[in-house]
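**Q** Grabbed the feature section from TrEMBL, which reads as follows:
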| type | residues | note |
| --- | --- | --- |
| COMPBIAS | 510-521 | compositional bias 'Polar residues' |
| DOMAIN | 77-485 | domain 'Major facilitator superfamily (MFS) profile' |
| REGION | 1-46 | region 'Disordered' |
| REGION | 499-521 | region 'Disordered' |
| TRANSMEM | 78-98 | transmembrane segment |
| TRANSMEM | 118-138 | transmembrane segment |
| TRANSMEM | 145-162 | transmembrane segment |
| TRANSMEM | 174-195 | transmembrane segment |
| TRANSMEM | 207-225 | transmembrane segment |
| TRANSMEM | 245-265 | transmembrane segment |
| TRANSMEM | 303-321 | transmembrane segment |
| TRANSMEM | 341-360 | transmembrane segment |
| TRANSMEM | 372-388 | transmembrane segment |
| TRANSMEM | 394-414 | transmembrane segment |
| TRANSMEM | 434-454 | transmembrane segment |
| TRANSMEM | 460-480 | transmembrane segment |
Amino acid sequence: MPQNNTLKGDRANSELSGEEWPCSKASKNLAPGFSSPQWSPEPFGRAVSTGSRLHMETLGDQSDLAPKVETKLYHRRWFMLFLFSFVSASNAFMWLQYGIISNIFMRFYNIDALAIDWLAMIYLLTYIPLILPILWFLDNRGIRDVVLVGSAFNCIGAWIKIGSASPDTFPVTFFGQFVCSVATVFVLGIPSYLASVWFGEKEVSTACSIGVLGNQLGIAIGFLVPPILVPNVDDMDELAHHIRIMFYITAGVATLLFVLVVFVFQERPKIPPTQAQATARSIPPEQYSYIASIRNLLRNKPFMLLVVTYGLNVGCFYAVGTLLNRMIIVHYPGEEVNAGRIGLTIVIAGMVGSLICGVWLDRTKTYKQTTLAVYLLSLVGMIVYAATLSLGHLWVVFITAGVLGFFMTGYLPLGFEFAVELTYPESEGTSSGLLNCSAQVFGIIFTICQGKIIDNYGTLAGNIFLCVFLLIGTIMTALIKSDLRRQNANLQAKAAAERHKSGQDYGATSLISEQQTSSQA
């Protein structure tokens, strides 16, 4: 049985359970700005009153009255995480299934390179206008409904593409890709939210990294599998057959995952996993304002700096992933399969980097230092990759691309987790959504600009273009003030619980001494 971590309150509240305590009289002194905290009947509650922030340093002596609320970790949290990760992987695969064999699809549909690029960039463009409505949907309906709708769009888009396996059906394949891109808005910012809702404080960064890994796994498969399933053959009927097989496989996987989400995926555990999450549930839903939450985030200067720097880094990654086939084919003609393998190397190395960074954060909590170091090394990796791409040795490109991917992709969960720390107790989904929105904007700009630069001036100039913006991002990251609010919340709750427990022990000792004195008298 899972361990019960409840610490009892004073004698007046000694019999209250973990769910009853927040409604008790003593709990009203938990923190300034909390109005009669209680467990929210909605999908989830919030930890601050309307339009306010949580300033943990103002708790003062009032925290002495705050017993430690019951927390519990459920084994099924891992199934929720991996199921979501596979949904994200399925969607990410379809993002790159055209771009990594762009020369083949250009010939098949008789279109130019920009049209192929837009099959990837539509994922980025769709995100921008839809993210705020979907964040509102997340705040009002919860994570289960968001993941369910996202997996539904993913499934529908995959089946639409099956009808586009002929040379004159490019509009159909573009529409199917658009439907899949809508699914991205529902799933891309979920990892940090899911990790906070289901996982303990010593594993939350690792869980977020695994959630991001799902997306990276899909990108890795998107680099590897399409060149294998769709070889560059001259016969158009045979080519259409290969494309149709790829579309059927993706549709079957997307359907299976949708069914699993419908019947298995859950909103949240009954008992919160951390003290910070317990606090975040305590605000009545009528006291939470979505607009005020957005306003608070936009006024948070360290977070807004992170939004820009995250967008610059991830936007560069999107541009490299979208244009990788074009960059490789320029210097190594006929190497479509190896272009996919180089992309796979980037992502696999990044998956390792993501896991290492997540475990490191859970152990050290050095959010800014780690983020800055990885950002700087991403810049170094991009410089080395740009300098070695045209040397004529594919094995060198594999190595430098792997180094680039290790740091650039490893940065993704760092950005999510650092944002949660800077913005607690605002919704993790909202902060992640704004980060991703920035990444989509910069991704579109960088992809279009780098594509034009490559066409006119070559790959070296295009990659130097990205290096300049990574340098700007590194400098801006160094300017971010490290304000770890979530960590402070957990530390304050633990300290309050220890002080309360010490007070109980002292009271019990005094009572025993009085009884002994009375008996001796």
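Placement of Cβ uses the backbone N, Cα and C atoms for every residue, glycine included.
Keep in mind that TrEMBL annotations are predicted by a computer and have not been checked by a curator.
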**Q** Hey, which of 78-98, 118-138, 145-162, 341-360, 460-480 has the most Cβ-Cβ pairs under 8 Å against the transmembrane segment (434-454)?
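**A** The stretch I would name here is 118-138.
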**Q** For the transmembrane segment (341-360), I need the partner stretch with the highest count of C-beta pairs below 8 angstroms, choosing only from 118-138, 207-225, 245-265, 303-321.
**A** 207-225
**Q** Restricting to the same chain and to residues at least six past its boundaries, which positions have a Cβ under 8 Å from a Cβ of the transmembrane segment (460-480)?
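**A** Hits for the transmembrane segment (460-480): 302, 305-306, 308-309, 312-313, 315-316, 319-320, 323, 327, 368, 371-372, 375-376, 378-379, 382-383, 385-387, 389-390, 422, 442, 446, 449-451, 453-454.
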**Q** How about the transmembrane segment (145-162) and the transmembrane segment (372-388): do they have 3 or more C-beta pairs under 8 A, pairs 6 or more apart in sequence?
**A** no
**Q** Go through 245-265, 303-321, 372-388, 394-414 and flag the stretch with the largest number of C-beta pairs under 8 Å relative to the transmembrane segment (118-138).
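**A** Top-ranked stretch among 245-265, 303-321, 372-388, 394-414: 303-321.
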**Q** Under 8 Å for C-beta pairs, could you tell me which stretch among 78-98, 174-195, 207-225, 303-321, 394-414 has the largest tally with the transmembrane segment (245-265)?
**A** 78-98
**Q** Between the transmembrane segment (394-414) and the transmembrane segment (207-225), are there at least three Cβ pairs closer than 8 Å, leaving out pairs fewer than 6 positions apart?
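**A** Between the transmembrane segment (394-414) and the transmembrane segment (207-225), contact is present.
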**Q** Quick test of the contact rule: Cβ under 8 Å, at least six residues beyond the ends. What residues does that give for the transmembrane segment (174-195)?
**A** 80-81, 84, 87-88, 91, 94-95, 98, 118-119, 122-123, 125-127, 130-131, 134-135, 138, 143, 146-147, 149-154, 156-161, 163-164, 204-205, 207-208, 210-212, 214-215, 413, 416-417, 419-420, 427-429, 431-433, 435-436
**Q** On the 0 to 100 scale, where does the mean pLDDT of the domain 'Major facilitator superfamily (MFS) profile' (77-485) fall?
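**A** Reported value for the domain 'Major facilitator superfamily (MFS) profile' (77-485) is a mean pLDDT of 88.
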